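**Student:** Handing you a structure now.
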Amino acid sequence: MDAAQLTVSAPAKLNLFLHILGRRDNGYHELQTVFQFLDFSDTLHFSLTPTVNEIRLLDSPADVAPTDNLIYKAARALQQWHNQPLPGVAIRLEKRIPMGGGLGGGSSDAASTLLALRQLWQLAISDAEVAELGLALGADVPVFLFGQAAFAEGIGERLQPVNPEPYWYLVIHPQVHVSTAEVFQHPQLPRQTKALQLHDWNLHNTRNDCQQLVSKLHPEVAKAIAWLLEYAPARLTGTGACVFGCFTSQTEAMQALTQLPPNWNGFVARGLNQSPVGSELELAMQSKPTTRPEV
Ligand SMILES: C[C@@](CO)(OP(=O)(O)O)[C@H](O)COP(=O)(O)OP(=O)(O)OC[C@H]1O[C@@H](n2ccc(N)nc2=O)[C@H](O)[C@@H]1O
Ligand SMILES: Nc1ncnc2c1ncn2[C@@H]1O[C@H](COP(=O)(O)OP(=O)(O)O)[C@@H](O)[C@H]1O
């Protein structure tokens, strides 16, 4: 690969639990959650182009306008931070992560874009400044930049590394759309869970505070959780719609997957405590010269 190209992955995440502690004056909610990555990813291909400041998305999911795509917004945010002409970039997205499923695909795409373009454009932007740009794009972006499974507080920006069991997960995507904003605005959402200490959480003393409400609003979600519970401990990720079951072996998870009702979508993936993006970028850096093309 030459110095004007870079390919990185953008892994999915699960919220192993999600507690809502309260609501801020601006409407955003104080959370506690544990994020773990999955070895199930989108892939992003970046190529520099001679057209100064161009950001060309070669693929954007059909229902997302290119300029609304978080990949575009992330690239634009970096350009604006730099505030001087930069080479253009063409970006190809191989989308695998179900959208709007609580798997963080859009946020992960945004984080991978920030990290890949910082490297490709050779910008002297600090990690803290990248984190600030990331948080402005979405509450889930910081953990993907952090690159390590994390206990998160605030709206997801205060992160401490953790090492949860690397379970095998069967993830089911019920074919319903859950609006994150609607869930957080709902009067029946519980918002008074007591804060946990970092080392006190486990799968048994935690839950997803959105699960009961989302199951009520979307019976397909309730059905998927009930089905999974026949095989393994199961819960909602984020505000849904995806649900996951925790298995101790790939074989058990795959076995359950073979029993999935024919009209449901699901996949098996391993929990990862390290995002693959850091090592992919490191490897690319080692194999390439470091001069930025002139514009
Ligand atoms: C709650 C989580 C857990 O991972 O759900 P998922 O999106 O993954 O399902 C995320 O933090 C979501 O992150 P993200 O999807 O990036 O949310 P944003 O775009 O920042 O916010 C969407 C809307 O949700 C509400 N919101 C979001 C996060 C938060 N801590 N409190 C909120 O009240 C706000 O009304 C906001 O307008
Ligand atoms: N690159 C992208 N991939 C997925 N969704 C995106 C992207 N850019 C913008 N979006 C928008 O963000 C919304 C949330 O996407 P996603 O991150 O997949 O789900 P969630 O926040 O539930 O984990 C989508 O419904 C879509 O409208």
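Placement of Cβ uses the backbone N, Cα and C atoms for every residue, glycine included.
Given the structure is predicted, the values throughout are model-derived calculations rather than measurements.
So TrEMBL says this about it:
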{"type": "ACT_SITE", "residues": "Lys13", "note": "active site"}
{"type": "ACT_SITE", "residues": "Asp140", "note": "active site"}
{"type": "BINDING", "residues": "Pro98, Met99, Gly100, Gly101, Gly102, Leu103, Gly104, Gly105, Gly106, Ser107, Ser108", "note": "ATP binding site"}
{"type": "DOMAIN", "residues": "69-148", "note": "domain 'GHMP kinase N-terminal'"}
{"type": "DOMAIN", "residues": "207-260", "note": "domain 'GHMP kinase C-terminal'"}
**Student:** Cα distance, Lys13 (active site) to Pro98 (ATP binding site), nearest Å?
**Tutor:** 12
**Student:** At the Cα level, what's the spacing in Å between Gly104 (ATP binding site) and Asp140 (active site), rounded?
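**Tutor:** Gly104 (ATP binding site) and Asp140 (active site) have their Cα atoms 7 Å apart.
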**Student:** Here are the binding-site residues: Pro98, Gly104. Which has the lowest count of other Cβ atoms within 10 Å?
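**Tutor:** Pro98, out of the binding-site residues Pro98, Gly104, has the fewest neighbouring Cβ atoms within 10 Å.
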**Student:** When a 10 Å sphere is centred on the Cβ of Asp140 (active site), how many other Cβ atoms does it contain?
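**Tutor:** Other Cβ atoms within 10 Å of Asp140 (active site): 28.
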**Student:** How big is the gap, in Å, between the Cα of Gly106 (ATP binding site) and that of Asp140 (active site), rounded to a whole number?
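**Tutor:** Checking the Cα atoms of Gly106 (ATP binding site) and Asp140 (active site) gives a distance of 9 Å.
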**Student:** Which whole-number mean pLDDT does the model give the domain 'GHMP kinase C-terminal' (207-260)?
**Tutor:** 98
**Student:** DSSP on Lys13 (active site), three-state: which is it?
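**Tutor:** Where Lys13 (active site) sits, the three-state DSSP reduction gives strand.
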